[in-house]
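**Q** As annotated in TrEMBL:
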- GLY270, ALA271, THR272, GLY273, ALA274, GLY275, LYS276, GLY277: ATP binding site (BINDING)
- 254-437: domain 'FtsK' (DOMAIN)
- 38-57: transmembrane segment (TRANSMEM)
- 78-98: transmembrane segment (TRANSMEM)
Amino acid sequence: MAWEFRKTGPGENVAVEAQTDPFAAPKWAPPVWHMPEFLVLAVNVVRVLVRVAVVLIRNIVPVSAASALAWLGHRFGWQLPAALVVLVLLAVGAWAVIDRPSFVRCIGRPVRARWRLVRVYRRDWQPVLTTAGLSRTHKRREYLPSIVRVCCGPTCDRVLVRMLKGQAPDAWEKVAPNLAHGFGAQLVRVRQGTANRWYWDAGVLRVRQVPKPGRIWLEFVRKDALAVPMPALPLLEASEVDLRGVVIGRQEDGSPWRLRLLGTHVLIAGATGAGKGSIIWSTVRALLPLILAGLVEVWAVDPKRMELSFGRALFERYGRYCDDPTGGMVKLLEDAATDMNERAAEFAGVVRSFTPSHRHPFRVVIVDELAFLTAYCPERDLRKRAEAALAVLTSQGRSVGYCVIGAQQDARKEVNNLRNLFPDRIALRLDESEQVDMVLGDGARDRGALADQISPVPAIGAGVGFVRLETSPDPIRVRAAFVDDHDIRHMVTLAVPDDSTPDAA
Ligand SMILES: Nc1ncnc2c1ncn2[C@@H]1O[C@H](COP(=O)(O)OP(=O)(O)OP(=O)(O)O)[C@@H](O)[C@H]1O
């Protein structure tokens with residue numbers, strides 16, 4: 001066997017002397033050093049030993065268990081380790097039956113993560129990344145980003161990746177579809193990478209995730225966690241409702257979707273049939289206990305006379321309702337703005353953070369179709385007045401207990417130039433991809449907010465959308481609970497038992 005060591009860099013070649021033809025052009029080839037065989041052998045032995053040690057350390061638990069069983073079998077015969085294995089399996093089975101959530105958390109998910117690391121991600125890593133253009137070759141050597149960790153959730157895998165030096169997350173965002181196809185996922189989202197930071201808190205060792213440059217999380221969505229509609233959420237006690245986050249649906253990871261109302265305004269954008277109504281009604285439902293307690297009022301502006309008219313009796317009893325296109329709706333907004341100014345004058349220098357009370361209830365102004373008031377209304381004067389009132393409410397109302405929830409079908413600027421006055425925005429199904437960034441802010445679509453790809457089939461996609469939370473630039477996929485006509489009637493009957501309108505029957 002010939003052992004040789006070649007230098008292969010450009011400029012390191014040498015002329016090959018052995019030429020039979022004296023007139024032939026000189027031939028160039030890499031210089032070759034012949035190495036002693038024992039040295040090559042020693043290097044390879046050390047390499048193998050290091051690899052074996054790494055594998056043993058990485059799999060320390062199964063390796064230790066297998067070694068202990070082997071030693072017991074050798075010392076006392078095979079019956080003892082066999083009995084131990086059966087006992088452990090029985091104990092694990094009992095754990096799985098008795099406390100499934102903790103079993104899934106401690107055993108199921110880590111085992112599944114390990115399995116998917118080996119069978120899916122490590123196996124296909126090199127070919128998929130090379131095809132997607134995420135590896136680099138330098139001096140004939142291929143450099144690949146490496147997998148740090150894999151975590152499995154119920155519907156998606158998260159893979160923590162150490163990028164190549166000089167790579168940035170947007171290089172991965174651009175090839176997200178390639179990665180999804182390559183690893184058999186429905187879609188891939190790229191998130192800021194994190195690292196664990198351990199710290200002492202009152203004598204307890206805690207861990208928190210801190211952003212880590214050079215790393216990214218790849219979220220491989222295996223199946224749509226929000227594909228099944230969610231029924232209306234149960235009504236809570238008034239003391240359980242938190243205006244800093246009322247629960248109106250669920251997030252993709254299965255946790256509750258909390259919509260902040262206190263100290264903000266919310267814009268809901270979605271094409272027709274996208275499910276704006278379910279967000280509005282889930283919010284009203286979540287607020288109902290506080291509405292009945294007199295601590296929250298809903299003022300409803302209903303240009304379409306469809307969605308909110310179901311709850312007319314409720315709004316009229318505990319707040320206000322208007323669907324008058326000839327000026328009534330604008331008057332309602334102006335009244336809200338006037339009251340808000342009076343509150344601001346009363347609170348000035350006295351109240352710093354708003355707490356709802358019977359005298360000053362938290363007021364939620366819901367406008368079902370903003371564009372009707374700001375763009376489509378035929379009377380210019382009314383449009384201007386509506387815009388002015390909305391601008392006052394959204395720019396100054398947050399700190400004095402006002403929250404405007406506006407819904408609109410069209411996200412374009414010409415239709416609603418007050419968009420930026422709504423700090424919290426929800427993008428439901430949108431007709432065009434450009435509208436996603438208009439609603440959620442620049443780069444939201446690249447970061448995975450594919451609102452234009454939400455299914456138009458109501459059972460699958462209605463009420464599904466993307467939100468951006470204050471704490472992170474990454475959009476979160478959510479679905480609102482579906483409050484159907486029956487639920488609305490039930491809410492109205494609860495709130496207005498003596499109501500005799502046909503809807504309340
Ligand atoms: N969260 C949801 N889960 C399941 N289905 C829903 C949900 N929200 C709405 N739907 C279904 O989608 C249909 C359309 O919803 P909705 O009327 O709320 O849409 P919209 O965005 O308000 O439309 P438009 O702008 O035309 O009024 C509803 O009739 C209902 O069947």
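Positions of Cβ are set from backbone N, Cα and C atoms, glycine also.
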**Q** Show, in sequence order, which residues other than GLY270, ALA271, THR272, GLY273, ALA274, GLY275, LYS276, GLY277 on the same chain lie with their Cβ within 8 Å of the centre of the Cβ atoms of the ATP site.
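**A** Once GLY270, ALA271, THR272, GLY273, ALA274, GLY275, LYS276, GLY277 are set aside, the remaining close residues are GLN409, LEU428, ARG429, ALA462.
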**Q** For a quick check of understanding: among the binding-site residues ALA271, ALA274, which residue's Cβ has the most other Cβ atoms within 10 Å?
**A** ALA274
**Q** What are the non-local neighbours of GLY277 (ATP binding site), defined as same-chain residues 6+ apart in sequence with CB under 8 A from its CB?
**A** GLU307
**Q** Relative to ligand 1, which of the binding-site residues ALA271, THR272, ALA274 have a Cβ found under 6 Å from one of its atoms?
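**A** List returned for ligand 1: THR272, ALA274.
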**Q** Can you check how the pLDDT averages out over the domain 'FtsK' (254-437)?
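**A** Looking only at the domain 'FtsK' (254-437), pLDDT averages out to 88.
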**Q** Hey, of the binding-site residues listed (GLY273, GLY275), which one tops the CB count within 10 A?
**A** GLY275
**Q** Applying a 10 Å Cβ distance cut-off over all chains shown, what neighbour count does LYS276 (ATP binding site) have?
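**A** Result for LYS276 (ATP binding site): 28 other Cβ atoms within 10 Å.
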**Q** Taking DSSP three-state, what's ALA271 (ATP binding site) in: helix, strand or coil?
**A** coil
**Q** Can you tell me how many other Cβ atoms are located within 10 Å of the Cβ belonging to THR272 (ATP binding site)?
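**A** For THR272 (ATP binding site), the 10 Å Cβ neighbour count is 10.
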**Q** Ten-angstrom check, please: count other Cβ atoms within 10 Å of the Cβ of GLY270 (ATP binding site), all chains counted.
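**A** Neighbour count, Cβ to Cβ under the 10 Å cut-off: 29.
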**Q** Using DSSP, would you call LYS276 (ATP binding site) helix, strand or coil?
**A** helix
